[in-house]
């Protein structure tokens with residue numbers, strides 16, 4: 001909750017449903033016009049709130065954008081523990097794939113990455129708020145597999161497996177503009193990665 | 001050569017060095033402002049030629065942009081045949097990596113992919129002019145490995161290997177903004193993919 005993370009002296013309690021409405025408006029605006037054209041004013045208007053409602057929640061555009069994106073792309077909690085790496089990987093891919101039933105990330109992420117080439121501040125925020133937490137989340141399943149003796153403890157290989165699980169679905173979405181299928185392509189990718197690690 | 005591909009009645013012979021200068025200006029403009037902001041006028045100005053020099057070569061912006069990008073991202077000829085799939089893959093990755101010593105593709109491609117979400121015409125051109133030829137080029141090495149009996153003839157697995165070879169370096173460049181190293185990361189990726197196929 002924002003109110004516990006950023007308590008402001010004398011501030012009213014922030015209404016969570018308003019926060020959600022604003023974050024949803026941020027995603028709509030990002031999908032339509034990209035991060036370069038997004039403004040606090042425009043988001044406030046779209047969400048039907050005053051700009052002050054935004055500034056009570058975030059110091060500026062960058063933090064607001066990163067919170068909106070991280071909610072779509074970084075799951076809560078830990079990946080499900082099935083006791084088998086291939087099944088764990090498949091579960092993670094299905095979870096991320098279902099979340100991306102929302103069509104907006106496929107519009108937003110390529111644009112955001114393009115902008116990170118022009119803005120080191122945005123690049124840094126994307127890494128710390130989106131890419132790194134998501135990677136840490138997925139790494140949990142690999143650490144468990146190492147603990148069980150299912151795969152060797154070779155950090156560089158595990159990094160490469162994480163790159164593959166991130167990069168291949170991203171490639172499917174952005175370059176091929178295809179659709180992953182839970183039973184076929186995600187299952188195939190899970191098996192592919194586990195074979196490569198053994 | 002453009003002049004052999006698109007002969008115009010009574011047209012003067014097109015000077016190849018002028019074509020190169022224009023394509024270079026296209027890449028500069030794409031890297032700076034993105035495909036959405038690029039205009040024939042601006043490219044002509046940047047290359048120091050008249051707009052007619054552009055229209056003698058391409059019917060419009062889309063064809064001009066795609067030719068510029070495909071020159072950077074689709075190698076000529078066939079991948080080198082070393083007789084070993086892992087070495088062939090490493091050779092392909094090194095070749096693509098060296099070409100991307102040009103910093104412009106890392107600026108251009110994410111922006112272009114973002115725009116393909118908004119323009120089906122651009123998406124179609126990117127697929128047929130850039131993505132498909134590049135994939136067909138890399139597939140040659142896998143077909144040779146199948147022919148030698150080095151890997152099984154499983155098209156869906158080979159497609160996944162091609163997605164990995166495309167998606168992982170793309171992920172490194174765009175999401176991690178890191179640098180691949182020929183001896184370490186590209187060698188590791190080659191071995192990873194071959195293990196997954198066996």
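Any Cβ shown, glycine's included, is placed from N, Cα and C.
Per TrEMBL, the range carrying the annotation DNA-binding region out of B:39-58, B:59-78 is B:39-58. Each residue in the DNA-binding region (B:39-58) gets a DSSP state, and the totals come to 13 helix, 0 strand, 7 coil.
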